[in-house]
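Listed features, source TrEMBL:
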type     : residues : note
TRANSMEM : 20-40    : transmembrane segment
TRANSMEM : 47-69    : transmembrane segment
TRANSMEM : 89-113   : transmembrane segment
TRANSMEM : 125-147  : transmembrane segment
TRANSMEM : 246-267  : transmembrane segment
TRANSMEM : 305-323  : transmembrane segment
TRANSMEM : 335-355  : transmembrane segment
TRANSMEM : 390-412  : transmembrane segment
TRANSMEM : 433-451  : transmembrane segment
TRANSMEM : 457-477  : transmembrane segment
Amino acid sequence: MAETGFRDSPLLSIIQGAGWHIIGKLVANFFGLFTTMLLTRGLGASVYGIFALCLTIVSVIGSVSNLGSDKAVLKFLAEDEADKGSQLGFSYIVVVFGGGIAGAILYIVAPIISSYTVSNNTFIISLRLFALYIVINPITVVTANALRAFNLPEYSSLISRISRAATKFVCVLGAFLLSTSIFGFIIAVLISSSATVLIGLAIIIRKTSVRPEIPGDEFQFGSYLNFSIPLAFKDAGSVLYTRVDILMLGIFAASASVGQYQVTILLSTVLTMPLSAINQIFPPIISNLNDQGETEELAQIYSTVTRWTFAATIPMAVGLIAYRYEILALFGKGFTTAAFVLVVLTVGQLTNAFVGPSGYLLMMTDHQYVITTNQWIFGLLNVAGNLLLIQWYGVLGAAIATATTLTLINLARLIQVYYFEGMHPLTSKISKPIVAVGVMLTAILGIQAVFDGRSSLVLGLVVAPITYFGCLTVFGLEPEDKELITKAKENF
């Protein structure tokens with residue numbers, strides 16, 4: 001598929017939005033890394049497993065109880081004629097109302113959940129405390145996505161990444177210094193989440209002219225819910241292939257195994273950073289170009305950003321695999337045994353980069369029912385895989401089932417985009433980053449042959465990126481990349 005001839009403005013918008021997201025993600029990962037280290041070292045693998053399981057449960061419930069409002073704001077606030085105040089106000093009403101009901105139900109059924117997972121009072125109290133998170137966190141997600149729709153990616157990143165991670169680190173650090181129990185750490189997370197909500201609302205008020213309003217009789221409730229509710233079911237299905245591994249480990253394995261697995265999940269999801277950055281601003285652009293009938297330009301942009309995503313992700317994946325033992329050792333004793341688990345999850349996450357933003361392309365071209373079906377089919381497949389493999393291989397079985405499901409659903413999206421929209425993102429140009437990462441891996445292996453432990457890790461962090469990007473420079477940039485860089489210099 002050709003990648004030249006595109007207009008500059010959409011790709012420049014993507015680069016600007018992705019740039020802010022990457023900055024925010026780097027800061028968030030920095031704080032997140034040290035926050036997790038404080039938690040693992042302050043609680044130990046077993047108690048941290050309880051913390052991680054509770055947080056996973058409430059995150060899962062919160063992603064569904066918002067009824068798809070976090071995705072709906074991306075579409076409706078990006079439309080020129082949308083009643084933005086009512087759209088935003090209705091989104092807040094949905095997440096607060098839905099989260100409140102879900103949180104109350106969770107508080108009541110916490111002992112029942114405990115009887116099937118971790119059977120002790122610590123788990124029950126922790127889960128009940130975390131129930132407040134179901135109300136608090138979705139508000140921040142809606143606010144951040146609203147700012148994405150308003151083409152304010154820097155402020156979206158500030159809320160969803162920087163502010164959230166920084167306030168969480170500060171609060172968790174305070175709990176760590178006070179040598180508190182797991183309950184103190186949970187309260188610290190709730191305080192930080194509440195602070196992030198207030199910061200987000202303040203930014204909406206100061207940086208936009210939109211004010212959340214209670215929708216009137218003229219509000220298109222049917223249109224909104226027809227779009228959002230299928231996405232809520234999609235999110236419910238998504239849970240089955242993204243979170244069911246941790247939930248089922250909570251049932252069939254010890255809490256220490258949950259803690260180990262959570263750390264490997266944290267590390268492997270770093271690979272989603274480039275694609276997540278593209279996704280920050282790509283959905284509104286898809287919606288606009290699709291509404292205007294600019295399918296050729298949309299196809300060109302889709303191909304280009306997928307290549308960028310793959311080129312940015314593959315060196316991180318190789319580095320994570322090469323230094324798996326050294327990285328896991330940073331989290332304390334008992335985590336290096338999950339090294340091969342990290343390898344499996346890393347390979348699974350790499351398929352996200354291979355297919356690019358295909359999920360959002362389906363969603364924003366009005367194929368939300370297709371992606372909902374995807375989530376449920378592959379989600380149920382993941383449940384079956386985890387149910388079987390966890391009992392055979394423990395933590396490794398969960399990783400194999402989840403990575404396999406992730407690979408299959410990404411391939412399905414790739415095929416569906418081609419079937420419904422006649423687009424595919426893959427070209428021979430991805431061969432350059434593949435060769436470059438091969439040279440980078442050779443350099444890493446050379447370092448590991450001479451140095452070991454943290455010395456090898458530190459030196460590799462310096463040499464690997466220099467080698468990789470040096471090779472790409474020698475191979476030469478693509479014409480559209482050179483053109484974009486020139487335009488970017490003129491605009492920024």
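Glycine is treated like the rest: Cβ placed from N, Cα and C.
Contact between the transmembrane segment (457-477) and the transmembrane segment (305-323) holds: at least three of their C-beta pairs are under 8 Å, each pair 6 or more apart in sequence.
The transmembrane segment (47-69) shares more Cβ pairs under 8 Å with 125-147 than with any other stretch in the list 125-147, 390-412, 433-451. Highest Cβ pair count under 8 Å relative to the transmembrane segment (433-451), across stretches 89-113, 246-267, 305-323, 335-355, 390-412: 305-323. Across 89-113, 125-147, 335-355, 390-412, stretch 390-412 shows the highest tally of CB pairs under 8 A with the transmembrane segment (246-267). Within the chain carrying the transmembrane segment (125-147), a Cβ under 8 angstroms from the stretch's Cβ atoms is held by residues 50-51, 54-55, 57-59, 61-63, 65-66, 69-71, 73-74, 77, 88, 91-92, 95-96, 98-100, 102-104, 106-107, 110, 113-114, 153, 155-156, 159-160, 164, 182-183, 186-187, 189-190, 193-194, 196-197, 200-201, 203-204, 207-208, 210, all 6 or more beyond its ends.
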